[in-house]
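Annotation comment: TrEMBL describes 19-36, 339-358, 365-385, 397-417, 438-456, 468-491, 532-551, 866-888, 900-925, 990-1016 as transmembrane segment.
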Amino acid sequence: MSDGFDIARHFVKQKTTSWLFAVILFVGGLISYFQLGQLEDPEFVLKQAIVITQYPGASPVQVEEEVTHPLENEIQKLAYVDNVKSITSAGISQIIVEMKSTYRKTELRQIWDELRRKINDYQPQLPAGTTAPIVKDDFGDVFGVLLAVSGEGYSNDELNDYVDYIRRELVLIKGIGKVTVVGSEQEQVVIEMSQNRMVSLGISTDYLYQLLAQQNVVSNAGFVRVGDEKIRFDPTGEFESVQELGDLVISPPGQSKRIILSDIAKIYKDYDETPSHIVRHNGAPSIYVGLSFTSGANVVDIGEIVSSKLKELELQRPYGMDISTVYNQPKEVEQSVSGFIQSLVEAVVIVIIVLLLFMGVKTGLLIGGILLLTVLGTFIFMNILDLQLHRVSLGALIIALGMLVDNAIVIVEGILVGMHRKMSKADAASLIVRQTKWPLLAATFIAIIAFAPIGLSPDATGEFAGSLFYVLLISLLLSWVTAITITPFYASILFKESKVDNDADEEPDPYAGKLYVGYKSLLMKALDFPKTTMLSMFLLFVAAVIGFGSVKQSFFPASNLPMFYIEYRLPQGSDIRATEETGIALENALMEQKQVEFVSNTIGRGAARFMLTYNMELNYSNYGQLIVRVANKDDLEPLMTFARQYISDNYPTIESKLLRVEIGPAQASKIEARFSGPDPIVLRGLANQAKNILSAEPDARNVSDNWKNMTKVMRPKFDAIAAREVGITKSAVDDLLLTNFVGKTVGVYREGTERLPIVVRMPEQQRNVIDSIEDMQIYSPVLSQYVPLSKVISDFTMEFEDPIINRRDRKRTLTVMADHDILSEKTAAQLFAKVKPKLEKIELPIGYELNWGGEFEASKKAQAPIFSALPLGFALMFIITVLLFNSFKLATVIWTTVPLAIIGVSFGFLTTGIAFGFMSLLGLLSLSGMLIKNGIVLVEQIELEKEDGRTFYNAIVHAAVSRVRPVSMAAITTVLGMAPLLTDDFFKSMAVVIMFGLGFATVLTLIVVPVMYLLLMKSKVKTVEN
């Protein structure tokens, strides 16, 4: 659009084109709104995989040295890797690989494939006895619907069968990506042997194990050619029932007496005595069923289909079985989106009411209508670009509302002033659009660029909050287009043509009102004392910077969701059944409270990741977590206070932690001090010093470390010389101990689609009594008889070992953890600021280091891409300002207001008591764009006044007076439009920044910009208008 084309006059005259444009925006926007996908939060992929390798029988140190360390070295060679964490315990290595956040979802599949190839290539070099490493790249999958299936009086078999049935039905629903089953116990075939009978019959355990393994193995028997036919051999002999297993002949070849397995063993089906995971819901044993959604799906629509399907399946649900909902993302999304739409509507209504009150009915309706069309038009482009409705995109629209009316206000104000000066509507519209369209476009671009560090960040910040930038980009550009096109058209319809009085001696003054006169008087006083005015602003700035030091800091706030977690840990080494007993007692106490809707209990590990911010714990037999939902948010604090006191009174020795549902990235703890070095003893010494410092802080809670307490280990002293004489190996001793106290898996029993492990073990009275070890017998192949175990074991000693060895980036790392009191008003950042200097004073030996994790690290990672892009963004904004006016001085005049915005921001946070967090930082970026945009409009007007022949001083005064209503209205509409966000925990800190910052920014623009213009342009002229 060149200056030769009069776009405003074109749209005023071309009524059909204007109406068509408006109809497209209105109808297309409504249609697009109902087609947009709906989510609670933006789609975000956790770039983590876990590599699990079993090394049965190995100690934690052996697993670390022979499995974890070499695999870490191989993984670290991948260029994609950001960090590698590992958790090593007896017999198992778990390595968590996190890729750099710059990689997007589409690239991850190839990255995971390369990780697998790297691991598979190294597998032959792992020690004998290790299983093939498993790479689980679905570790970060989110299962937005989590169901708990329970049934009092039903067996595990019946519960599993019903869960399998509903799983098969639900996975067929379009839009469902995966259905996972969590917490189903492993069924097995148990052969409970009597060692006394084995000894008396002289049957070797090795012989029995081989017989069981070989009898039921599937092997290729080949085929025979008969004429032109090829006939396959399929010998019988596999076990087809548990009874057949008992009929297996186990007497050695050549022995006259026929002995079958059931003669010396009790054979039955049972579930694992020590399962790795136990699930309970509302006091009953349960199984979780998790549903994940396909990318881009409208989860609200799919949620309705899932609900309908579950109602349909009610006909097949056995009486007494129950399906409960632990988390229903579609329902939460529906409420969340509805809440945001309500906030958006409230904000639009507030803006329109403000416009009606301050600018008149016609003007208010005109600008309000343009605002509505701009919002609806934004939905069209969101639909085209596949942007969805969620917390961030809808929040962006609310943030943009005030800025969306800025351009229209400037144009309408100009038309009204022109008409007041006896111009025709078309001429007034043409003049104001020609004068302001490019400055408004430049100012709009600057407001957009302010958010560019978020949207263009290649990091996780950009992936999560990128839609904030794109929605603002679309809506602000569209607001400029509608301002210079259909706004003049509708103004020509609504406003009456001014009556021209040719006999009037002078042009009427449109700025004769009390507001203008009062402001003009204040401005002229400020211009009379420009240095005093700027000194006052500087002193206010210094006071605000000092005051900002007292503002509470945080990362992300807790969610509004009326749910909380209780993590509880027994001492390391505790049996999972002991953990279950404690969990049952806690859940019973909570279920007695009337405000509780449900209590879900996951023991041995965390639940399936049912929301993005859920921090899923890995497998630990001493760990449990209660998921507690209450009727409404107000019930959270009283119930959490009760839970804390109940645990303190009844279970003072267990480690417990209360957690609110997080909005932002979840951390194991808010404060994490990582000590790295080679010697576990030194690391534990450093950790104890840190824990003592943290425990001394009254505001610190949940002080612990991730290596936990050392555990007992019994070490039988193997006598190699004596063992060689009787032909007994160490592995034979290991097998004997395993069979006697736990159970040894010796084969697989096939039952339809299921493969059940065959486990050989001793009777319960022998398994659970450690003293029985003295009476144990072991088979000697040299003597062909059993001998006492004491023949090859010289002594038994009880020692202590580190049950868990944590590593980070190939270094042993012990992390000391703590949290702030979540039931108080204080934040984790306040506690961290107190303890950080104290912990950093701990003297570290050579080769040891201290690094910080927790909220500090997460906040630093999130802010880093923004701060790295900020200089370029601000530089581009400044360059645009310079190019617009072809003057560094004028650009400096405008930019002077930006740092002074801290005055209003600091006052806002100190007044409200709200913490300054990550979203507040984004609010500051938005505020800078708004200030520069207002400054550009005012300075451009001053330049126009000078071009029209006004004197320097009069140009400043007249331009400022003419801009007082557009600038004030833009500020008022933005401030009041943000009010609905004050009730949203995610956006309220940003709302404080913009509301208080922009409120004061009105003063900055209308007073400071004219004063700075006067000072920097160095004119001596001062002629006051009559």
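The backbone N, Cα and C atoms fix where each Cβ goes, and this holds for glycine too.
Cβ atoms under 8 Å from those of the transmembrane segment (438-456) belong to residues 403, 407, 410, 462, 465-470, 472-473, 476-477, 479-480, 483-484, 865-867, 869-870, 873, 876-877, 880-881, 884, 922, 925-926, 928-930, 932-934, 936-937, 940 of the same chain, restricted to positions at least 6 beyond its ends. Residues of the same chain lying 6 or more positions beyond the ends of the transmembrane segment (468-491) and with a Cβ under 8 Å from any Cβ of it are 7-9, 11-12, 15, 18, 21-22, 25, 366-367, 369-370, 373-375, 377-378, 381-382, 385, 387, 392-393, 395-397, 399-400, 403-408, 410-412, 415, 425-426, 429-430, 433, 437, 440-441, 444, 447-448, 451-452, 454-456, 922. Contact between the transmembrane segment (532-551) and the transmembrane segment (990-1016) is present: at least three CB pairs lie under 8 Å, with pairs separated by 6 or more positions in sequence. The stretch in closest packing with the transmembrane segment (990-1016), judged by the count of Cβ pairs under 8 Å and taken from 19-36, 365-385, 397-417, 866-888, 900-925, is 900-925.
Recorded stretches compared: 19-36, 397-417, 900-925; the one with the most Cβ pairs under 8 Å to the transmembrane segment (365-385) is 19-36.
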